[in-house]
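Each remark here refers to the structure printed beneath this line.
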Amino acid sequence: MAGPGRKRDFSPVPWSQYFESMEDVEVENESSKDSFRIYRIGSEGPVLLLLHGGGHSALSWAVFSAVIFNRINCRVVAIDLRGHGDTKVKNSEDLSAETMSKDVGKVIEAIYGEDLPPIMLIGHSMGGAIAVHAAASNLVPSLLGLCVIDVVEGTAMDALNSMQNFLRSRPKTFRSLENAIEWSVKSGQIRNLESAKVSMVGQVKKCEDHLSSVDSKAFEGIIEEEEEEEEGESNNKRKKEDDLELKECSYTWRIELAKTEKYWDGWFRGLSNLFLSCSVPKLLLLAGVDRLDKDLTIGQMQGKFQMQVLPQCGHAVHEDAPEKVAEALAAFMVRHKFTESKGGFQCLFPAC
């Protein structure tokens, strides 16, 4: 951490510091070929198939992937989902749970053919919902287990009402990648600078038209640390910065999440019972115990899944605390004998 007077380094970090390879996997559809960007580590052991949250990309799993690979025998495959990252599909606006879960099955088939390795599905937020839908629809025949990170039907449905306000409050543009990384950390969207430096590269893109992509909500992301401003002063400050930086816009979000609203209900409604209905061993990782809804509370009391709360994390739990998430997942997989530990990792659960 930077000391007093030292400037923090917000420079982006390449994917290759965490993953071994990157490739585009072609999936054939009825009228076209879609290309899904994936990142990989390892060549043996069960596959950890990682599905990111809305607006993020496979790179949100970068730091976690490197950590978990050093904990257990496994291979990691992180996918840029439809409409996200560097994946290119004919219909990028179809983000329905049905379409996206089918994508997961098709990508697995395209990578491995008929010789499917055992697969552990792991998803965060929207990706967690897609993982549940894919598992419940038997789209992953060799499924070992299911891990869902910080997505619960009750909380998610309640949050939908305020989601548009949250999206409107975000900067629309950034002067540079460094600026986007700085905003993500100082705003608390990602609380781990190491993760932000690789993850934000997958969340933003170069503005195609600098002027047309900037609107009155543009804000170049410099947030004073530990300084609270009155709302009026803050708005005035933003307006001045908007005017000054209007012609300097370089980066904007890769996906306009506000336009995906019609799919939100389909991602989350009925998710708790769908999760509980999956017959494989299940792990639920939450940022707070208050996120549990009634169905999951009952299911947890009945021992239908394992749950762990990781406090002091934001919503992007695997980015904020990659070591803790890796530890929880490694312990879960070793406990169920899905794999073996390596590198001196000790499972903390007595049942391991």
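Even glycines carry a Cβ here, placed using N, Cα and C.
Fair warning: this is a prediction, and the values are worked out from it, not measured in the lab.
TrEMBL annotations:
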type	residues	note
DOMAIN	48-328	domain 'AB hydrolase-1'
ACT_SITE	Ser125	active site
ACT_SITE	Asp150	active site
ACT_SITE	His315	active site
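The structure, with features from TrEMBL marked on it.
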residue : record      : CB count, 10 Å
Ser125  : active site : 24
Asp150  : active site : 23
His315  : active site : 20
Pairwise CA distance, Asp150 (active site) versus Ser125 (active site), rounded so that it is a whole Å: 6
Between Ser125 (active site) and His315 (active site), the C-alpha gap once rounded to whole angstrom: 8
For the domain 'AB hydrolase-1' (48-328), the mean pLDDT of the predicted model: 86
